[in-house]
């Protein structure tokens, strides 16, 4: 099979799992919302990104694509995209200099709109390619880190065009945080340990969106769930959902499985670990590997047996008890399982496609700054997702709209 | 038993179910946050309100209380409060003139702070007792209707002091909307019909906070749940929680029990009703009795048999099928059951007590306007509720606080 | 309204809630399985029983009915049945002598088949009316107590005809024990206390069918559930379903609500009660009022305040804590709510109707003795229930039947 | 690492996951219930079996072990067992003749008791080694197939000693069928497809113990669950648990994921498959690969793309829709995941150890025949499992035992 052929296959497989973005592509082909616009994108060059690029091209855009990370570039996908008439500046494993040259080459298209994943392209625009800035009327940024950089630029008055923060929409968060993380965390834990969850006591540290999802799945798999929190309102909500709430100190001696998902550090310390039952399993589902104090565990343990199961290390305490640490404390759903299902990417890339169309429509009226994804885009993504699943919902009648309006106005 | 004695008993019984407010009363007695302040309140004169008044008095306030509705006044409670040294201007069933005179009498205390339930007292202050306005440094309002009036006053520049909108805190909403409504709706339906819910198909119209609570309880009672919505994001969330989502038109022929909780009108129309199964039950858990189009039902039915069960009317359709309408389409949990458990009042009155203390502390620095309940008050109420249930939660260490701060600042 | 008219209304209302028995009546009318048979019945003379009698009469039977308890007789229903041409010997509130005379009068029909509820009619047949015994070819008994008496008669060789123990079928048990008791227990508790269940700790003593149902509903209402058991296998099953299992001694200090459903005595003792939290609620959902040691509670308490809420007594302990005992420790779903929904009666009376038809068909080949309800009757009742709800299920193909047979035979 | 050392490690790791059997080993060491008895066993020579052998040896038995399947023999474990002083006749991958010679060598120990897995050893005893039969006073058999053979021997009067059918105890069935299959089925499906389950429609064919477990986990993972059944009582139970019940014909067009677990063939046919949605996933969790008619799928599909994901084949229908068949229709939890967690083996091997002790105690009084595992052994295994998890349960008092006895006797 030739390279482009393999790429086409991968793209077509990804498209199967992205019904919303595929439907958007169809609509864009009919409505041509991007006709005559040039788009420069700096994204992971993968099959899912290819489906996004296809939708934008169908909408009339001229595409120039560079890789946001040389390690994730799929060369066959890049080749297939070139076959579709896009300018793709990416090759797996290139060095730093080439990486930056690729971004410059993508910018050579003299973009009207830009898509970024980590703010590198936008940064180059504002420093080395300022000549192009006047032509750029808007952009999208995918990552939290990128958004933080952009907000600082905006605060300093340096940002020169409006950017939509597409990393965080309600629909994506549903798929990603609550339902995605919940499932994939246990997918990872089961692959790593093959342990039975029914009848076990699972301690979930943190009851934010992710923690809620993890707790629901733990219960759904037959576990008794204990929640720890530092926020009283969230803790109260957990009790009202039937969970037992304890301090970690009081949870440590009774848990069979501990899952941290707090966004904070040192949630499980050496003191907690020392109080745990023989055979307790420790997993982290938070973003960074700081939630379980692994260094302290290393010091606590007399011996560490690496790899007793895939992604499982056994920490033997001096008194003979063992604790099992999964994925070295790194995020277990990405490390021991496969991370986000394509359904998550479908949500966020669809929001991105709609944000691009929105920018194309509204750009003349927007001040430079960082914008949230408009609520109507969330509604549209959710509506398309429901339609793809064959689910219809009600529409307001005129009388109902009038009733709601009168009520909101307090008359 | 003498009147005041009966009142004391009722207050003491209410206090048993209000552990948070009772705990606050204890703390106020120690800290005296209202020392030297005069408080005029216009509230339902009930045992629960008496517990609130007790807490404020324990905090050092001088209390003058009028009734916000003469129909709800409990004379024995009023008498007991007088025995505790409060000025209570209220008697059950008084006429309109007396009602207003009572409010004036309460205002005669020359209040520093005011508590209102429907904005009548605040309104009189701004129209007939403007001489007192300079002395008033803040207030609380309990109801949604009152808040709407206050926001209009604020918008027109007429409001002369800061008012906290205590009707809606996260903790109260938890207890009230999601968990309270969910339970009491089924309490009402079971009392009215004694019907078995396991194995039945329950159609929940609306998936806001209340609808979510109703759907959870329906599922928890063994029903198969179908959700209808007009908002795509909420509909998608319902599917992700495992509910089937349909239009009402497609849900009508399969439901055994329909519960509306949308905040909108005509959610169940004659067309829907005509498509329903023989024996289908219709209940409304929304605030107003407009969600089921009862007038259309009346026209549709050949015969209406009132009171076949408590709060149950049988609508016999021309073809012999019957529909059972509960509580004449009025809110079923208040009509056929007892409405909010005391636990809900405990949350909102505790927020009110803390809001008064907050106003006492912050009033000199606050502009006139309508204020949300500060997040720290919600945290405090939730924390006290947890403590009353004997539940401890974790506290952030210094390192953890520093970590969160560093992350939020993007450094 | 005349007496018979009121009776007809009650019967027709009951029939609405008994779709299975109503469908059976239709089938019996077509197939006439009881043509020419005389049936003497001693049952509670209620609207539900009337629907059963109607089905038997539709099947061709001549009916003579006496009351199994004069207190439960509904005179209007009796009158309506007489209007349908049945011999009904029953009147509300008659004395003991009349009660027995009524049974004799029913037996005067010289029955081919008998229906009994407590074994009084069968007992009289075997002692005072032995002349009729040769004519009787079979019977049904409704109650557990009656079955115990019949088994003893059978063991002593005294029973002269086959009797089907209709009190206990799988379908009835589903509706009654697991799902019926589960729901009605909380119906009773909510009516008695109006307490919020979400976020509370509910201790369920006993994890048999009923206990399982109670635990499921407690969880479904948002409670944290703790189970106590004396059987290790059931206790293990509870843990595998995610419940926490404790001894009552360790559960007593943490529970907010205790529900006994064990079939045993002294499950909650004074020692347990003394360890409970202030405000703990005690309810019994087991058959007899022996599960909570009420006498010991009486001794423990310094003061008992009767009726602080409907069906709620407050036991004030010497140290000031209060416990709330519901329904004086009697079965809470019958005392504080309305007991079995009609759907339960529909199951057991349908089994009874089918058992009568089965006896009519098989009686010549059956030895005297106590018979379980044949599995095929259970299947039929379940099938009719599904059909009444509009639910279709699959049927085995010929190949599938052959496959199952070959597998069972081990070839 | 030497062979025996690696074996010891594997055994010690297995022992960690088998707390019940480990506890039994400790008790046997104290009580020596097998003192002086010779045990010949024909079992899979794995680390888990080694833990069982260790317990029997601790109880005083002299052990001779042959492999029940040369493919599953772990040579390092065999070597470690030899080091513990057991006679182990097993080597990975030996030919048929050697396999049988090993069984003969194990029998050379002249066993008092035998353990079998498939009935080969018992068969040889009754045909080629009849001289040893007089010495054998009992045995255990692990497999369903073995039990069928033994029952036929017993029916023909050929079986010469009592055999306990240890393959099926309530505790093992709990761990295995309901909770084990439920979890591992989704473990397999997630590994194969990485598909998100929340919000999907899962069709579970069959509502026996396994089907119930699969349905519970599907719901627990956020899916909407539809059940198909051929048994009306099970179907009714499914509806009472809140599941929608449909025929497969009506379920086929709406399901996203189909899981067969019926024990029957052709549950999903070409007609069903032809009606399914594009992208539907088909998995079998039943024992044999006959539940999905794969041959018919092959004929239906225009093209089959093997291995589009691990254990996933894509069947492209002539109209372009695709179905995804997992594990070629073979049991998905064993094929795509790892099958039973060690916790299941812990239950069945513990029952086996206790059955051996029971035989040692009771053997003189038992007739030849096939025996179910005595209820007290189930209680003991469950009790040990609870104890290993640190869970205490109540014990009956004398009064309570007397009360239950009096009730059961009907007095």
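The count begins at 1 with the first shown residue.
Yeah, the Cβs are placed from backbone N, Cα and C, and that goes for glycine too.
Since the structure is predicted, the reported quantities are computational estimates derived from the model, not experimental observations.
According to TrEMBL, the protein carries these features:
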BINDING   D:46, D:117, D:142, D:172, D:176  substrate binding site
BINDING   D:143-145, D:177, D:206-211, D:229, D:264, D:285-287, D:333  NAD(+) binding site
DOMAIN    D:177-339  domain 'S-adenosyl-L-homocysteine hydrolase NAD binding'
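Location within the structure of each feature annotated in TrEMBL.
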{"residue": "D:46", "record": "substrate binding site", "Cβ contacts under 8 Å, 6 or more apart": "D:14, D:72, D:73, D:74, D:77"}
{"residue": "D:142", "record": "substrate binding site", "Cβ contacts under 8 Å, 6 or more apart": "D:43, D:115, D:116, D:117, D:118, D:166, D:167, D:348, D:352"}
{"residue": "D:143", "record": "NAD(+) binding site", "Cβ contacts under 8 Å, 6 or more apart": "D:117, D:118, D:119, D:167"}
{"residue": "D:145", "record": "NAD(+) binding site", "Cβ contacts under 8 Å, 6 or more apart": "D:118, D:119"}
{"residue": "D:172", "record": "substrate binding site", "Cβ contacts under 8 Å, 6 or more apart": "D:344, D:347, D:348, D:351"}
{"residue": "D:176", "record": "substrate binding site", "Cβ contacts under 8 Å, 6 or more apart": "D:340, D:344, D:347, D:348"}
{"residue": "D:208", "record": "NAD(+) binding site", "Cβ contacts under 8 Å, 6 or more apart": "D:177, D:234, D:261, D:262, D:263"}
{"residue": "D:229", "record": "NAD(+) binding site", "Cβ contacts under 8 Å, 6 or more apart": "D:206, D:207, D:235, D:238, D:245"}
{"residue": "D:285", "record": "NAD(+) binding site", "Cβ contacts under 8 Å, 6 or more apart": "D:181, D:185, D:210, D:214, D:259, D:260, D:261, D:331, D:332, D:333"}
{"residue": "D:287", "record": "NAD(+) binding site", "Cβ contacts under 8 Å, 6 or more apart": "D:263, D:331"}
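Ranked by how many other Cβ atoms sit within 10 Å of their Cβ, the binding-site residues D:117, D:206, D:210 place D:117 at the bottom.
Proximity to chain C, defined as a CB-CB distance below 8 A, holds for D:229 out of the binding-site residues D:46, D:143, D:229, D:285. Spanning the listed substrate site, residues D:46, D:117, D:142, D:172, D:176 have a farthest Cα to Cα distance of 19 Å.
Here the domain 'S-adenosyl-L-homocysteine hydrolase NAD binding' (D:177-339) has a mean pLDDT of 95 out of 100. A coil conformation is recorded for residue D:229 (NAD(+) binding site) in the three-state DSSP classification, outside any helix or strand.
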